[in-house]
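Encoded as structure tokens, the structure appears first; notes follow it.
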Amino acid sequence: MEKVNNVTEFVFWGLSQNPEVEEICFVVFSFFYMVILLGNLLIMLTVHMGNLFKSPMYFFLNYLSFVDICYSSVTAPKMIVDLLAKSKTISYEGCMLQLFGVHFFGCTEIFILTIMAYDRYVAICKPLHYMTIMDREKCNKMLLGTWVGGFLHSSIQVALVIQLPFCGPNEIDHYFCDVHPVLKLACSDTYFVGVVVTANSGTIALGSFVILLISYAVILVSLRKRSTEGRLKALSTCSSHIAVVIIFFGPCTFMYMRPDTTFSEDKMVAVFYTIITPMLNPLIYTMRNAEVKNAMKKLWRRKVF
């Protein structure tokens, strides 16, 4: 049966239909987005200019900041503009591109966070072999793996959606194109697609979350053998990573580890992993990390800014 697609554009409902609330949200999220850009750019600049790039942890932190900028930029600018727009529309092609971008950068971030947990595990539990295990060649291969994994995941998601027919209605109760809200608009049975989407996204989100929890549990147990000073230093680093993991994976697991259903709360939950987490990452990593703060102080003294 030939695919029938009468829909050329989709209409977002956005975060709110109240003009006064939308104006407040415009100011708030514009500020949040500026913090995301400036904070993550500052971390990238600090890593490059402060000679931290040779450390595997900061090597991955640099790319985490880059992914955070890209991830939030897929949804935030469009959402901010739409808050003051009378018509919140996006073309069919634009919707598919946004869907690809959200899952590509989101999945890549998940894999980078997982590698950063592994990096901390090796650094704390196997310190004598750290530089051998986490040499630059292996770091580059692991980084490449995160990009390839993100591409494969997002390609599967888009391939599943793009073959569905859309013949109306075309209104999405969300502020960006995500799989579950878009599947609701398809004029065909989406049960099988929904199962595959949930299996794909859910396995990555929950699987990575479990691996991260196990990694940090092993790290915390191993710290009992350390001196008080070494324990505090390791805890300071790991606590920032754990905070990011909980803030990011909690909402992701809620959104994707469930059948093909949507809730009214989904939009606010999505704000956490598309905007709040990319905004908090620079704050968490700098406030809890003395090495990054010292590098920033040196940059300030050199009058880089």
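Quick reminder: no glycine exception, Cβ is built from N, Cα and C everywhere.
Remember, TrEMBL labels are computer predictions, not curated facts.
Residues or ranges marked as transmembrane segment by TrEMBL: 26-47 (among others). Panel annotation: around the transmembrane segment (26-47), residues 53, 58-59, 61-62, 65-66, 68-69, 72, 76-77, 79-80, 83-84, 275-276, 278-279, 281-283, 285-286, 292, 295-296, 299, 304 of the same chain, lying at least six beyond its termini, place a Cβ under 8 Å from a Cβ of the stretch.
Taken from TrEMBL, the feature domain 'G-protein coupled receptors family 1 profile' applies to 39-285.
Positions annotated as transmembrane segment by TrEMBL: 59-80 (among others). With a cut-off of 8 Å between Cβ atoms, the residues of this chain six or more beyond the transmembrane segment (59-80) that come close are 14-15, 26, 29-30, 32-33, 36-37, 40-41, 43-44, 47-48, 53, 90, 98, 101-102, 105-106, 108-109, 112-113, 115-116, 119, 136, 139, 143, 146, 175-176, 274-275, 277-279, 281-282, 285.
Residues 56-57, 60-61, 63-64, 67-68, 70-71, 74-75, 134, 142-143, 145-147, 149-151, 153-155, 157-158, 176-179, 201, 204-205, 208, 211-212, 215-216, 218-219, 237-238, 241, 244-245, 248-249, 252, 273-274 of the same chain sit 6 or more residues outside the transmembrane segment (100-121) yet have a Cβ under 8 Å from a Cβ within it. Look at TrEMBL and you will find 100-121 (among others) tagged as transmembrane segment.
According to TrEMBL, the transmembrane segment annotation covers 142-166 (among others).
Listed as Cβ neighbours of the transmembrane segment (204-223) (distance under 8 Å, sequence separation of 6 or more from its ends, same chain) are residues 107, 110-111, 113-114, 117-118, 120-121, 124-125, 153, 230-231, 234-235, 238, 241-242, 245, 249, 252-253, 256-257. Per TrEMBL, the feature transmembrane segment maps to 204-223 (among others).
Under the heading transmembrane segment, TrEMBL lists 235-256 (among others). Tertiary proximity for the transmembrane segment (235-256) is limited to same-chain residues at least six positions away from its ends with a CB under 8 Å from its CB atoms, namely 57, 106, 109-110, 113, 116-117, 120, 124, 178, 180, 198, 201-202, 205-206, 208-209, 212, 216, 219-220, 223, 266, 269-270, 272-273, 276-277, 280-281, 284-285, 287-290.
Through the fold, the transmembrane segment (268-287) approaches residues 15, 29, 32-33, 35-36, 39-40, 42-43, 61, 64-65, 68-69, 71-72, 74-76, 102, 106, 174-176, 178, 240, 243-244, 247-248, 250-252, 254-255, 293, 296 of its own chain, all at least 6 residues removed from its boundaries and within a Cβ separation under 8 Å. What TrEMBL lists as transmembrane segment is 268-287 (among others).
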